[in-house]
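Chemist: Have a look at this one before I ask anything.
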Amino acid sequence: MLDHELAALVIFLVSFSGALFNILALFTVLKTKALHNAFGALCFSHSIANFGTLAVFLGWVLPATLQFENTTSLFGKILGQIQILFWNACCYSHLVISFNRFVSISMPTKAPTFFNFKNTTIMIAVVWCMSIAHIIPYFWYAACFMAYDPASWTWNFADTPCGYVITTYTDYYTSVGIFVIMSSLDLLTFTLLVVYNKHVSNSKSSNTAKADRRMELRFFVQSVIQGALFFYEVFMFNYITTLNSNQWFVFFTSTFAWMICHCLDGLVVIIFHFRKRYLCINAKSAENSRKVTKTSPISTVINVKKMVKD
């Protein structure tokens, strides 16, 4: 029983801290003017998916591990379905963010038009629609499902033909394919940055242009680090975990790897963009917040549009 309690403690510490990190990441995106653009909107959507993933761990996996409940019930399968939804939203978000960085670096003058409010909204909608499409087979709960097993502390797919298909094709191949495309885009973006830096060193660019490029570089480094976390999760979950059958080894290379990836994802946003002044709340800001609550829905839409306007 002690092992189960220790596993539950690890799950609690990582999922709880990760949920807080991603809430703070959402707050940071809203408060950072440099993120009131397409990149910030994509990061916001990504952080929502991260938070959703960790919320399932905190609200379902943790108590199931402590109480050793049967999680293959219909409710447990539905939560597994929701978990897959958030996972795929994270995967596609990584891909779209890498695409955003590539376009912003390769076509800096056209990027603001390409990633305007309408197009960015469509991209985010496509990310979530694709994620929803992935979980359609999971509505056949008897044959297609993923459920948490409190005995092994891992998520397991159904041992059925349908379970094999969703494990192999809609999960594994999709994750690897997204990583390959994302890495290719990041490599191209890095090459363009190297070429640009050589060009800048031999030319007289304005301070504004240099500042803009430094910001784009900062965004790119952030996306690369988050991409590395994505690779870590996919590699651990699909390869390393198969090397040993020890329960703790499997736990740390699958369940823990899944949680820590989404936990650190939120932390990366905080490290790159959070400022202490965001926590300074005075009477004036409180008064402004009261005024904001009285704004009309039209004003809210206008404010959202400003976030994705470069």
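Backbone N, Cα and C atoms are what each Cβ position is placed from, and that goes for glycine too.
As annotated in TrEMBL:
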DOMAIN    21-269  domain 'G-protein coupled receptors family 1 profile'
TRANSMEM  6-27  transmembrane segment
TRANSMEM  39-62  transmembrane segment
TRANSMEM  82-103  transmembrane segment
TRANSMEM  124-148  transmembrane segment
TRANSMEM  172-196  transmembrane segment
TRANSMEM  217-237  transmembrane segment
TRANSMEM  249-274  transmembrane segment
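Quick one: how deep are these features, and who are their neighbours?
Modeler: Same-chain residues lying 6+ beyond the ends of the transmembrane segment (6-27) with a Cβ under 8 Å from its Cβ atoms: 43-44, 47-48, 50-51, 54-55, 57-58, 61-62, 65-66, 153, 251, 255-256, 259-260, 262-267, 269-270, 274, 278.
Nonlocal intrachain contacts for the transmembrane segment (39-62), taken as residues 6+ away from its ends with a CB within less than 8 angstroms of a stretch CB, comprise 8, 11-12, 14-16, 18-19, 22-23, 25-26, 29-30, 32, 71, 76, 79, 82-83, 85-87, 89-90, 93-94, 96-97, 100-101, 104, 115, 120, 123-124, 127-128, 131, 148, 219, 226, 255, 258-259, 262-263, 265-266, 269, 307-308.
The list of residues near the transmembrane segment (82-103) in space but at least 6 beyond its ends in sequence, with Cβ under 8 angstroms from a Cβ of it, reads 38-39, 42-43, 45-46, 48-50, 52-53, 56, 110-111, 114-115, 123-124, 126-128, 130-132, 134-135, 138, 146, 155, 171, 174-175, 178, 181-182, 185-186, 188-189, 192, 216, 219-220, 223, 226-227, 230, 262, 265.
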Chemist: Taking residues 6+ outside the transmembrane segment (172-196), which of them lie with a CB under 8 Å of any CB in it?
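Modeler: Here the qualifying positions are 88, 91-92, 94-95, 98-99, 101-102, 105-106, 134, 213, 217, 220, 223-224, 227, 230-231, 234, 238.
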